[in-house]
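Feature annotations, courtesy of Swiss-Prot:
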SIGNAL    1-26  signal peptide
REGION    43-62  region 'Disordered'
DOMAIN    51-100  domain 'WAP'
DISULFID  CYS58-CYS88  disulfide bond
DISULFID  CYS70-CYS92  disulfide bond
DISULFID  CYS75-CYS87  disulfide bond
DISULFID  CYS81-CYS96  disulfide bond
REGION    191-212  region 'Disordered'
Amino acid sequence: MGSCDRKALWALSFLLLLLGSSSVQGTWEAMLPVRLAEKSQAEEVAATGSRQPHADRCPPPPRTLPPGACQATRCQSDSECPRHRRCCYNGCAYACLEAVPPPPVLDWLVQPKPRWLGGNGWLLDGPEEVLQAEACSTTEDGAEPLLCPSGYECHILQPGDAAQGIPNHGRCVKQRRQAEGRVLRQKLHKEYPEGDSKYVAEPGKGQQRHFP
């Protein structure tokens, strides 16, 4: 093969190579806008995904179609609604409705502690059963006795000695119903095991009742 034929073959190969590269580049340039459009659409969906209607803040769907429900202004996400409204289903379409407040959360750190009544029974009591730092006395020595506030009774811890002028001393505990007296006595005996008996004063009275 002569040198002219070789040059012609090289020129033809180079021309085909240029045509192929330009075709590939043209195809990529033609596909680039489509790729960018798909990417931007995916980013938009990801960005608006968190603004979709929150079903947990929506009122339950009505059983009957409310008047004007189908004529209400429609929405697609909560961001299209005012502050206190959510994009919810109104029975016909999604529209901005009043948001439902979240359910209450029980904080068991501050909730009343359960009290065992025996068997399978439990009773929720107040946050504090003993009035903190509240001393009391039922001894009448010419002055008014140091009684407890309403709803509490004086649980005598130290009987005192009336002959020597020593008043009794106790703490204010919350009153119980008569049916709970046995449980209360057992609990107080565990908390204050001074001796085999306890003295509990009636509220507003000077005398004491002795529980064996």
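Using the three backbone atoms N, Cα and C, a Cβ is placed for every residue, glycine included.
Quick caveat, the model's predicted, so the values are computed rather than measured.
Same-chain residues at least 6 positions away in sequence with a Cβ under 8 Å from that of CYS92 (disulfide bond) are, in sequence order, LEU65, ALA69, CYS70, ALA72.
For the domain 'WAP' (51-100), residue counts in helix, strand and coil come to 6 helix, 11 strand, 33 coil, using DSSP.
Around CYS96 (disulfide bond), the same-chain residues six or more apart in sequence whose CB sits under 8 Å from its CB are THR73, CYS75, GLU80, CYS81, PRO82, ARG85, ARG86, CYS87, CYS88, listed in sequence order.
When other Cβ atoms within 10 Å of the Cβ of CYS88 (disulfide bond) are tallied across all protein chains shown, the result is 23. The number of other CB atoms found within 10 A of the CB of CYS87 (disulfide bond), across every protein chain shown, is 22. Of the listed disulfide-bonded residues, namely CYS70, CYS75, CYS81, the sparsest Cβ surroundings within 10 Å are found at CYS70. Long-range neighbours of CYS58 (disulfide bond) (same chain, six or more residues apart, CB within less than 8 Å of its CB): ARG86, CYS88, TYR89, LEU97, ALA99, VAL100.
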